[in-house]
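The structure appears right after this line, and notes come after that.
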Amino acid sequence: MDLLALDPTKFIDLTASGVCFLFLVGFIGGLVSGFIGSGGAFVLTPGMMSLGVPGTVAVASNMCHKFPKALVGAIKRFRYGQVDVKLGLVMAASAAVGVQIGIRIQQVILEKWGQVGSDLYVSLSFVAVLVLVGGYVMRDALRCARCGGVETTAPLALRLQSIELPPMITFRRSGIRISLWFTLPVGFATGMLAATIAVGGFIGVPGMIYVMGVPGLMASATELVIAFVMGLGGSINWAMHGMVDIRLVLIILGGSLLGVQLGAIGTTYVREHMIKMVMAVIMLIVAVSRGIALPRYLVKLGLMDMSPEMLDVLGKISFASMCLALLTGAVIILGSMWKGRAAAREEAHGQA
Amino acid sequence: MATQSARKPWGKTIIFGILSAALYAGVFAFADTIAAHFAQGSYWAAGPIATVFLFSYVHGEFTGNLWSVLGIEATRKPARKTETVGKPATVRPAARRATLNA
């Protein structure tokens, strides 16, 4: 009989409420991921930590649920003709380099300024990237909505596609031909962001749309390929260090596989600008959430003065607003699907 | 409508549903022991990776079929027309209707 015991410092006792919470967040995170290609990780990791899971186990378990979810979502969307596998693999290769550099930067910051400095760097990156990129995506989504949901190729992407800088790569599925040198920075930035805030898709998807000229639908689906490749590599690494809690992974996966399929189906009902809209809304709310969390790190670094009670309240507001971001995204997706289904039914009825 | 419901993958949903439930029951009956083994790292890393691949197939098939049975399936979308510059690589393909149930 095997007497190997579970290390209580690494693995929590599961409670019914904890299981329900993880399943539900898994479902909503899966729904958002299936629709926009990423999301959920920014709530799941702190969510697990709030249940008492140590940070490293939370990150490892989150990553280990992410890659099979991305695989299922990518297969589903591939069947809808939305995935560019070649583009996904090229992006994943450069993203892997970005991840390594991102980890190295984190290590340097950790050595120089400690854990607080590292947390501040992560939060500042969150706020800066999400406000800038999220704001731009939102502006474009609103413009698209005003023009009846018709998506056009971004001027920067058109310009870059016209530059003949060998080696040129043709991505048949996406319908673009572009120099490899312009794809590398996008993949690299995706990896850097993934290593910093764990959601590389927040730069990968807009990067593919606005820098490379990939349609929004195709970019969000291809992001799932990148997430699978990077998630698999990261999970093997974490699992070799024994940091994956398979119980948590399977509970989250139970919900997220339901969600990711629904999100993927949802993409076939909505106009393309809705993907940008959902992504921008989530990014901007998450940016606010991280902004609210900033004073905690500034106080620890001695750059600001605030009472512990106030910091505690801000921490709770920050986490609640992150949950709100995910929930808002889910509501928009389900609402758009509902409308899309009603319109499709009406159209079918009219033709009959 | 009648033909649509006749094509609903009830059989697959039930089979994969039972398999998925059995897998979850099997793992969670020995959850602590399995988690402790997988936490040893090194070659045990294959354990969680293989487990999630197995679950993603079985549970993924179940969930995909479940949505179909519930009448939630993909619809046809038109292709997006975009501007092309220089040598147009290819014509952007139309998103196809899903024909499989996964």
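A Cβ is built for glycine as well, from the same backbone N, Cα and C atoms used for every other residue.
Note that the structure is a prediction, hence the values are computed from the model and not measured.
Within the chain carrying the transmembrane segment (A:12-36), a Cβ under 8 angstroms from the stretch's Cβ atoms is held by residues 43-44, 47-48, 51-53, 65, 69-70, 73, 76-77, 201, 205, 220, 223-224, 227, 247-248, 251-267, 275, 278-279, 282, 323, 326-327, 329-330, 333-334, all 6 or more beyond its ends. Taken from TrEMBL, the feature transmembrane segment applies to A:12-36 (among others).
The feature transmembrane segment is assigned by TrEMBL to A:42-64 (among others).
For A:85-105 (among others), the entry in TrEMBL reads transmembrane segment. Same-chain residues lying 6+ beyond the ends of the transmembrane segment (A:85-105) with a Cβ under 8 Å from its Cβ atoms: 74, 78, 169, 171-174, 180, 183-196, 200, 204, 208, 214, 222-226, 229-230, 233-234.
Taking Cβ pairs closer than 8 Å, the transmembrane segment (A:120-138) reaches residues 106, 109, 113, 193, 196-197, 202-203, 206, 210, 276-277, 279-284, 286-287, 290-291, 293-294, 297-298, 301 in its own chain, all 6 or more past its ends. Per TrEMBL, the feature transmembrane segment maps to A:120-138 (among others).
With a threshold of 8 Å between CB atoms, the same-chain residues lying at least 6 positions outside the transmembrane segment (A:178-203) that come near it are 36-39, 41-42, 45, 59, 62, 87, 90-103, 105-106, 121-122, 125-126, 129-130, 133-134, 160-161, 163-169, 171, 211-213, 220, 223, 226-227, 230, 279, 283. Marked as transmembrane segment by TrEMBL: A:178-203 (among others).
Annotated transmembrane segment per TrEMBL: A:209-232 (among others), in sequence order.
The transmembrane segment annotation in TrEMBL covers A:244-265 (among others).
The transmembrane segment annotation in TrEMBL covers A:277-299 (among others).
If you look up TrEMBL, you'll see A:319-338 (among others) marked as transmembrane segment. Sequence-distant contacts of the transmembrane segment (A:319-338) (same chain, six or more residues past either end, CB-CB distance under 8 Å): 25, 28-29, 31-32, 35-36, 39-40, 42-43, 46-47, 50, 263, 265-266, 269-270, 274, 277-278, 281-282, 285-286, 288-289, 292.
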